[in-house]
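Below is one structure, written out as structure tokens; the observations come after it.
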Amino acid sequence: MGCSQSSNVKDFKTRRSKFTNGNNYGKSGNNKNSEDLAINPGMYVRKKEGKIGESYFKVRKLGSGAYGEVLLCREKHGHGEKAIKVIKKSQFDKMKYSITNKIECDDKIHEEIYNEISLLKSLDHPNIIKLFDVFEDKKYFYLVTEFYEGGELFEQIINRHKFDECDAANIMKQILSGICYLHKHNIVHRDIKPENILLENKHSLLNIKIVDFGLSSFFSKDNKLRDRLGTAYYIAPEVLRKKYNEKCDVWSCGVILYILLCGYPPFGGQNDQDIIKKVEKGKYYFDFNDWKNISEEAKELIKLMLTYDYNKRITAKEALNSKWIKKYANNINKSDQKTLCGALSNMRKFEGSQKLAQAAILFIGSKLTTLEERKELTDIFKKLDKNGDGQLDKKELIEGYNILRSFKNELGELKNVEEEVDNILKEVDFDKNGYIEYSEFISVCMDKQILFSEERLRDAFNLFDTDKSGKITKEELANLFGLTSISEQMWNEVLGEADKNKDNMIDFDEFVNMMHKICDNKSS
């Protein structure tokens, strides 16, 4: 069709061209009662005091990027392996900011890093990398995240050359779900590519993670983004013109889908300049020999995602709900009945009025549990999440009960399902946004025998007890929630019945009793 596809394949496999150019979770002030306290995983990510070597030791180097390297590290006390992104401050290209004043330049550098930290803190989705800790010293920033041992999707593409439609659809559904979630929260990634998609392990495509939010930005519907950022193979033509919106991510996903199905990119070339010239024209082809066995539904989705005019291009949500993606969707089946029943049962029985206990159980569930411990519940969450936006709404929870009814499960035979779901949302929706978030689901649905080991309860207690006095104080709680102060009324509500010795503080034994009480009705 007039394209040298063989050269595209060879060039794509040997190059990773980089096109270079360069929550606030609390409320300060007059909180009247504990209902005003917003609880979410981002509140646990704070800049840690001390040297990173006191908490982690290096195992090996995983890779390197524009601003630093990524290390596999192991915690000295506790919960397995983590990936640590080490960002060397001096590696930033200070010239690209056209700033001569060193202080202003340093502020700009720090702004980019803090932007990535702020974004990662705010995200809670099964297909988006999770941030645990942040360290900083004179030379480096350290971002501690989940470790996914399966490596990059890029490596899988090189090894497998291309994927069948079922595997490609499974990969794209997860990527699009993550992108849909980002866009719903007014975040555009701007650097979606196979190198920024990680696999849980090399033998499974069921759990992937979107990483590297260094180029991400918040957007509004009224304002167009203007920075020229991204990677040449995957960059959208409107980004080259410096006038674009969140749909630049959809274009990048379209390029990835094209590559997954045929093994080479739609816009190839010997160098960045060649590639960008082709992207600017937006012309690509489905070579007959390479695409003759690919379904029309798959090709149609690619066409919609690679629509040149971004105003006419489909959204991530529309792509996620396309016929081709839905054709290969993994739905809840009979083998999932036990996990689904246990999850809904645990949510039904959860008593979430104690804010301190809510915060503790969310910390344990989101930060201390392992991938293996979360695996079955993560799978159920994604299957319940029919629209793929990374959150469970009332309709999706009701559908969970309806599925159990179809399996003749007694939990599905409840007469007042809508009332039950309303109560679940009231108790489990910790941040009161009207949805059950991924970490809320995991934390409340998981077996309390897994959650409430003495080690994990101690770690949760230490999160609050920042001065290591053995007591949780009013001031420490205010600090965790990002408040300037806590009223006596709110503190008394938080203390509740936990403060057995009436010393106006909570010790470890009182904390443990409180945690078991809030979940006494959970199935174990």
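Note that Cβ sites are derived from N, Cα and C of the backbone, with glycine treated the same way.
Annotation comment: Swiss-Prot describes Asp465, Asp467, Ser469, Lys471, Glu476 as Ca(2+) 3 binding site. Under the DSSP three-state reduction, Asp467 (Ca(2+) 3 binding site) is assigned to coil, being neither helix nor strand.
Sequence annotations record features per position, and here Swiss-Prot assigns Ca(2+) 4 binding site to Asp499, Asn501, Asp503, Met505, Glu510 based on sequence analysis. A C-beta separation below 8 Å, combined with a sequence spacing of at least six in one chain, links Glu510 (Ca(2+) 4 binding site) to Ala498, Asp499, Lys500, Asn501. Annotation note: Glu510 (Ca(2+) 4 binding site) sits in a helical segment as assigned by DSSP.
Positions annotated as compositional bias 'Low complexity' by Swiss-Prot: 21-32.
Taken from Swiss-Prot, the feature domain 'Protein kinase' covers 56-325.
The domain 'EF-hand 1' annotation in Swiss-Prot covers 372-407 and rests on sequence analysis. Per DSSP, the secondary structure of the domain 'EF-hand 1' (372-407) breaks down as 26 helix, 2 strand, 8 coil.
Residues of the same chain lying 6 or more positions beyond the ends of the domain 'EF-hand 2' (416-451) and with a Cβ under 8 Å from any Cβ of it are 38-41, 124-126, 342-343, 346-348, 350-353, 358, 361-362, 364-366, 369, 373-374, 377-378, 381, 390-394, 397-398, 401-402, 519, 522-524. Taken from Swiss-Prot, the feature domain 'EF-hand 2' covers 416-451, and the record attributes it to sequence analysis.
The domain 'EF-hand 3' annotation in Swiss-Prot covers 452-487 and rests on sequence analysis.
Within the chain, the domain 'EF-hand 4' (488-521) has long-range Cβ neighbours (under 8 A, six or more residues past its boundaries) at 31-34, 36-37, 349-352, 354-358, 360-361, 448, 451-452, 457-458, 460-461, 470-474, 477. The feature domain 'EF-hand 4' is assigned by Swiss-Prot to 488-521.
The phosphoserine feature in Swiss-Prot is assigned to Ser17 (among others).
Under the heading phosphoserine, Swiss-Prot lists Ser28 (among others), citing experimental evidence as support.
Taken from Swiss-Prot, the feature phosphoserine covers Ser34 (among others), and the record attributes it to experimental evidence.
According to Swiss-Prot, the feature phosphoserine maps to Ser64 (among others), an assignment based on experimental evidence. Neighbour density for Ser64 (phosphoserine): within 10 A of its CB lie 11 other CB atoms from the protein chains shown.
Feature annotation from Swiss-Prot assigns phosphothreonine to Thr100 (among others).
The feature phosphoserine is assigned by Swiss-Prot to Ser118 (among others). Ser118 (phosphoserine) carries a helical DSSP state (H, G or I).
Positions annotated as phosphoserine by Swiss-Prot, on the basis of experimental evidence: Ser217 (among others).
Per Swiss-Prot, phosphoserine is recorded for Ser220 (among others).
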Practice problem: Compute the mean position of the Cβ atoms of Asp499, Asn501, Asp503, Met505, Glu510, which form the recorded Ca(2+) 4 site, and then list in sequence order the other residues of that chain whose Cβ is within 8 Å of it. | Solution: Lys471, Leu495, Ala498, Lys500, Lys502, Asn504, Ile506, Asp507
Quiz prompt | Intrachain neighbours beyond the domain 'EF-hand 1' (372-407), with Cβ under 8 angstroms and 6 or more residues off its ends | solution = 124-128, 173-174, 176-178, 180-181, 184, 206-207, 317, 320-321, 330-332, 334, 336-337, 339-341, 343-344, 413-414, 417-418, 420-422, 424-425, 434-438, 441-442, 445-446, 450
Practice problem: Find the one among the recorded positions Ser335, Asp465, Asp467, Lys471, Glu476 whose C-alpha lies closest to that of Thr231 (phosphothreonine). | Solution: Ser335
Quiz item: If one looks at the chain holding Asp465 (Ca(2+) 3 binding site), which residues at least 6 apart in sequence have a CB under 8 angstroms from its CB?
Solution: Lys471, Ile472, Glu476
Exercise. Look at the recorded positions Ser118, Thr231, Ser335, Ser469, Asn501 and tell me which residue has the greatest number of other C-beta atoms within 10 angstroms of its C-beta.
Key: Thr231
Self-check item: Beyond the flanks of the region 'J domain' (346-364) by 6 or more, those residues with Cβ under 8 Å of it
Solution: 34, 37, 39-41, 43-44, 420, 423-424, 426-428, 430, 436, 439-441, 443-446, 451-452, 456-457, 459-461, 463-464, 472, 477, 480, 493-494, 496, 498, 506, 511, 514-515, 517-519, 521-523
Practice problem: Find the shortest Cα-Cα separation between Ser469 (Ca(2+) 3 binding site) and the recorded positions Ser118, Ser335, Met505, and name the residue that gives it. | Solution: Met505
